[in-house]
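Peer 1: Attaching a single structure in structure tokens format; questions to follow.
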Amino acid sequence: MTRAAFAALLSHWVRNPVQLFTLLAGLALATGLWSGVQAINAEARASYDAAASTLDEGRYDRLVARDGAAFGQDVFVMLRRAGWLVSPMLTGDLDGVRLIGIDALTAPAGMGPVNLGGDVDLAGFLTGGDQVFANAATAPRLGAVTVLITPDLADDTAVADIGTVQRLLGRAGRIDSLLVLPDQPRNLPPLARIAPDLTLQPAQGSTDIAGLTDSFHLNLTAFGLLSFAVGIFIVHGAIGLAFEQRRGMVRTLRALGLPLNRLIGLMLAELLVFALVAGVIGVALGYVIAALLLPDVAATLRGLYGADVSGNLQLRPSWWASGLGIAFAGTLLAGGSALWGIARMPLLAAAQPRALAMAAGRRASFQLGAALVLLAVAIVLGFNADGLVTGFALLGTLLIGAALALPPVLNGMLAFASGRARSVTAQWFWADTRQQLPGLSLALMALMLAIVANIGVSTMVSSFRLTFTGFLDQRLASELYISTDSAEQTAALVAFAEGAGAAVLPIQSADLQIAGQPAEVFGTRDHATYRDNWRFLQSTPDAWDTTFAGQAVVINEQLARRGALGLGDMVTIGSLTLPVEGIYGDYGNPIGQVVLALDAFAQEFPAVEPRRFGLRVAGDPADFVAGLTAATGIGAGQTIDQAEIKALSLAIFERTFTVTTALNILTLAVAGFAILMSLLTLAAMRVPQLAPAWAMGMTRAALGRLELLRAVMLAVLTAALALPLGLALAWVLLAVVNVAAFGWQLPMYLFPLDYARLGGFALLAAVLAAGWPAWRLARTPPGDLLKVFANER
Amino acid sequence: MNAKALILCLLPVTSLAQGFAGLGTEVDGFSTPAPDPVFDFPADHGAHPDYRIEWWYLTANLEDADGTPYGLQWTLFRSALAPYEADGWDSPQLWMGHAAVTTETAHFVAERLARGGIGQAGVVADPFSAWIDDSALEGDWRTLQMRATGSDFSYDMALSATGPLVFHGDGGYSVKSAAGQASYYYSQPFFDISGTLNLPTGDVQVTGSAWLDREWSSQPLADNQTGWDWFSLSFDDGAKLMGFRLQQTDGMHYTSATWITAEGETTPYADGALQVEPLLTNAAGVPVHWRLTLPARGVDVTVQAVNDDAWMTTSVPYWEGPVTFAGTHQGRGYLEMTGYD
Amino acid sequence: MTLLIVDTLTKTYATADGPFPVLRGVSLTLEAGESLALTGESGSGKSTLLHLIGGLDRADAGRIMLDGQDIARLDDAGRAALRRGTVGVVFQQFNLIPSLKIADNIAFQARLAGRHDAAWCATLADRMGLTDHLRKYPEQLSGGQQQRVAIARTLAARPKLVLADEPTGNLDETTAATVMDLMLALVAETGAGLLMVTHSLVLAARLQRRLHLRAGQVA
Ligand SMILES: Nc1ncnc2c1ncn2[C@@H]1O[C@H](COP(=O)(O)OP(=O)(O)OP(=O)(O)O)[C@@H](O)[C@H]1O
Ligand SMILES: [Mg+2]
């Protein structure tokens, strides 16, 4: 019995290979999309981690020579033997690549972005084997050395053992800085006694960037979930259609005595086999997608798929498990409801289209009800969401609610159009479109979610980019940053700078509690730098004037939110109580900040002596530094050219933006394919519906054209509905999820041109998807159309 | 993953990946210990770069004025990537220093890593000096100065020897397996020690006895041996016992012992003479109570850790701490256990 | 033993306009090998009665004893077994499996019932004049041919009772006559009981007995 029944079930696919193909392709694409997004996500993370670890060098205090020049490594040994936990570094240029030499044995844990996997030749690395680590993009530029590829390094950067770097740069025995480990032993002898020529350069603090990247990671994770939702809709559509087509057969099988349990079991087994096959194809597809789309293929594949050292790729078991898990989960989720429908389907309710339509009608109103409830919840959450959980709940209710609402809304629009149609053809067109809608609705939902995800994510990414660039401009506005050793040096610096026409902006802060929150107070000098570059989220018209006059303060967003401070609220700093007149965005900073006028700060915190300064220099910063060194003895080692750091960080982030564009195109392509599959599957059902129109005098070519028009029109309507939803999604990500996770809101910018282009892509996807089915329909042999009449069902 | 952890993984002597079992790996190009050694002092107190691994290993049982017991460890390991020494960063000699202080309730650990060739760590035979960073053991072996620093403790000690060097196995040739793996192994177990422990709770003046082990080899374990349990016991009557048990993958063990009289005369005992049996394990599954029997000497004692949690949280973790024992004999000593992580 | 006993069977459908009684106490019997025609106006409940007897639906009250079993007592699986093995239904709409070839369609129910007999199937195909079409799919056959396949499929499983609901309703008169001849002959040969719904008095007359349903009762 089982074999005969199974053979009958399977025979359907043999007779309808296109349907089998669309089902498997739908499943495989959903899996592939998920896998590909995971790959791209991982790539984005890898590039951040590389950025973060390259910038990590700034996380530690450093010892450098006063003149910034290299010094002998004997100083390193002397410091170590005196108990100082320091690690030597030497940096130089090799073939245009920034070569960093480290001593892995003393470097701080987590520093040194070298991922020595597998059978690395340790002896070769440590003892003069000239092994250099670099990422795949940088590796070809390094000529005469053995390059080991690692995804953990930023572009244009290479890392090697310090001995190797000394040899490659021809600087034997020299180092140019010492990293100071955070956890030093007790009772260290003073630096001046052991290495009087060195000066301590305080850590730069990379929290700014770390905070921003964390936020971006979170948003990419949200995108990953979205892509999964798109995939589920596609799978759901494919499986739903596949079951719909076999309704008649299922009924016959049961009438002939196949028990329901057996039938369900068989169909489930069939589904699982499909899930397995499609899952395997999908994982492979994800691999291909990742390989094609990612700019840094080798690196990412290495990270994701666990390439061995020789460069052969292998798919990791965990990778398979995750991909297949998604295929099975998606199939069961989608197949579950289809099987449930079969289990409840009365044996006798004849498969009359009318009854079906009525059942569909009931489902539609239920769906509309569910959608309205979800959207209502979303609106309530939109006003009240204040945590990560509620933020993601808002995201979920909004998207699912909107997706469920799509078919009823489209149906309403079509009913409206059909009511106003004049010609018979138009009437038939609208009515026929409405009849088509249930079959296409899942694909359309997938398309809408894809467009929504694209609009949401590109808005988020572009807003992020604008904010980040602006933020860097604001925070790294000074051309030079200089730290001084002593009050005398400070005086000398100020004197020289005045003579050279440069502005000296002290960077000094004190830690204290404000409004019950930990915060830093900055004593800041009145300068155009702040007025020109800092952007307020809220402020009074003359916030800077009152602040620099010592009558007010400006605070960062974090402090405003956590301390519930608004404009006009008073804050107490020591003996001062001043009103807040401005709130500025301070992306990535974990704690609160207050900006206070320099004089007020000096009065309140007389013990704090400024040692770091931003310098606004009109000419070439290098000339300024040369003059400064000659005049005051403040060496290049005490100065930092921030332009370099800025350019480096921007280049690294740029890579991720490219990756998201690739992601956008991928999702749309998959949604387009979902439409193609649905249309192909529906094509067989279309013949009986079109036959009467044909019989009544419409040409097949006209019918084909109308089919195409219908698909395009549905896509346009869907895209139009998706636009506000996408913007809502972006808003939730930027203003709710981000605030909940990090305490600050990313400002949202709109990009109408991008949206127009996206709409264009969506249309193109729909045209490409509908083209072939329409063409096939236009060439349906008249005999097939006739059969509809000859052979009443 | 950071470079440091990974490089440590690959350190041949203390391989995290291979565990202590890595000591059973054969490596070409290194010298191997041969029977009937003739030692040349003070040269042999120094480093032997042509052997793969070597250590200067000092443990001490201390007590303060109130009689509260403390344990102290100072160790310098040498591990060679290649059988030679070279100047500068190209040196294939890697050094690892471990220091620890054990109280009845706490265990303080410090670890330092360095490369040879640049002066950050090394051992010079004459005048004898072994150091890594600011940790050092220096002197002429009749008297020694010793210090070490960690992030939450430090110590400064003076030692003076009251007996001769003793040689384990066959005149300092110590066999570790039935297949003949061996090391050169001698000790100075007769140190009086005194000095200051600097702990988070304050400075403590302590006195006691110390035991300094010297051992070097290139493949001290057979490839089926995964770790060891090593005991150094000082009997109240002045005699001492060094004994160890090597764990094998087949569940069998290989034991060896040296009986040392109060005057420093030694008797080696081959595999099987010493019996070592774990009685009780701590929460982490490491045995902290043992029964040791050496029938040839009428010894049957129960050994017990002073602090069960003397786990060395170093790149290669192991257990090392002070013990006391009772039974047919009484006294105190040190226990080291590897291969339990 | 009496093959089929139907005793005061009632069936009411719940509709939007309230309960709609279709069968109001129908009783009948059928001996093994006997043939019975069921006639009645459209909407009189003939198909409903047939479905109840075939175990495709459940009655509200009354009893159906089929081959000594009270089918009201059977669960879903039991009734599925009944449909596979004891009864065979010939539908008005043929209900062939479109993706199986004719040969496989004929053998299908016998296979489900676990009593496939290739020689018997070949005989049936031959008698039904389907030998040339065995490798075709249902959609490539005419209506009369398809109904002959459906009848062959039912008989291939050698049911004790054949239920037929206007088996020739979709066919033209000549074809209908041929198909009916074949069916009656073959049913008689297998010794199965036959309960056939028909509008045609001519056809009804060819069966041994005839019952007329009116307003949900046997007239
Ligand atoms: N599922 C159902 N729900 C409600 N009413 C039903 C249902 N199925 C059948 N009926 C009604 O029950 C009555 C009997 O239907 P049935 O199909 O048994 O009639 P019939 O005698 O076979 O008619 P015909 O000769 O036209 O086939 C009809 O009035 C029909 O409308
Ligand atoms: Mg009927």
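Heads up, the Cβ atoms here are built off N, Cα and C, so glycines get one too.
Dumping what TrEMBL says about this protein:
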| type | residues | note |
| --- | --- | --- |
| DOMAIN | A:222-346 | domain 'ABC3 transporter permease C-terminal' |
| DOMAIN | A:442-601 | domain 'MacB-like periplasmic core' |
| DOMAIN | A:664-782 | domain 'ABC3 transporter permease C-terminal' |
| TRANSMEM | A:222-243 | transmembrane segment |
| TRANSMEM | A:263-294 | transmembrane segment |
| TRANSMEM | A:319-343 | transmembrane segment |
| TRANSMEM | A:364-385 | transmembrane segment |
| TRANSMEM | A:391-416 | transmembrane segment |
| TRANSMEM | A:437-457 | transmembrane segment |
| TRANSMEM | A:665-687 | transmembrane segment |
| TRANSMEM | A:708-735 | transmembrane segment |
| TRANSMEM | A:755-775 | transmembrane segment |
Peer 1: Same-chain Cβ contacts of the transmembrane segment (A:755-775) under 8 Å, 6 or more residues past its ends?
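Peer 2: The answer is 447, 450-451, 454-455, 458, 664-665, 668-669, 671-673, 675-676, 679-680, 682-683, 704-705, 707-708, 710-712, 714-716, 718-719, 722-723, 726.
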Peer 1: Other than its close neighbours in sequence, what residues sit by the transmembrane segment (A:437-457), given a CB gap under 8 Å and a spacing of at least six beyond its ends?
Peer 2: 219, 223, 226-227, 229-230, 233-234, 236-237, 240-241, 244, 360, 364, 399, 402-404, 406-407, 410-411, 414, 660, 663-664, 667-668, 670-672, 674-675, 677-679, 681-682, 685, 714-715, 718-719, 721-723, 725-730, 733, 755, 758-759, 762, 765-766
Peer 1: Should anything in the same chain at least six residues away from the transmembrane segment (A:708-735) have a Cβ under 8 Å from its Cβ atoms, list it; otherwise answer none.
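Peer 2: Sequence-distant neighbours of the transmembrane segment (A:708-735): 219, 222, 382, 385, 391, 394-395, 398-399, 402, 406, 409-410, 413, 429, 432-433, 436, 440, 444, 447-448, 451-457, 459-460, 463, 675, 679, 745-748, 750, 755, 758-759, 762-763, 765-767, 769-771, 774.
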Peer 1: Please spell out the DSSP helix, strand and coil residue counts for the domain 'ABC3 transporter permease C-terminal' (A:664-782).
Peer 2: 103 helix, 0 strand, 16 coil
Peer 1: Give the mean pLDDT for the domain 'ABC3 transporter permease C-terminal' (A:222-346) on the 0 to 100 scale.
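Peer 2: Overall, the domain 'ABC3 transporter permease C-terminal' (A:222-346) comes to a mean pLDDT of 74.
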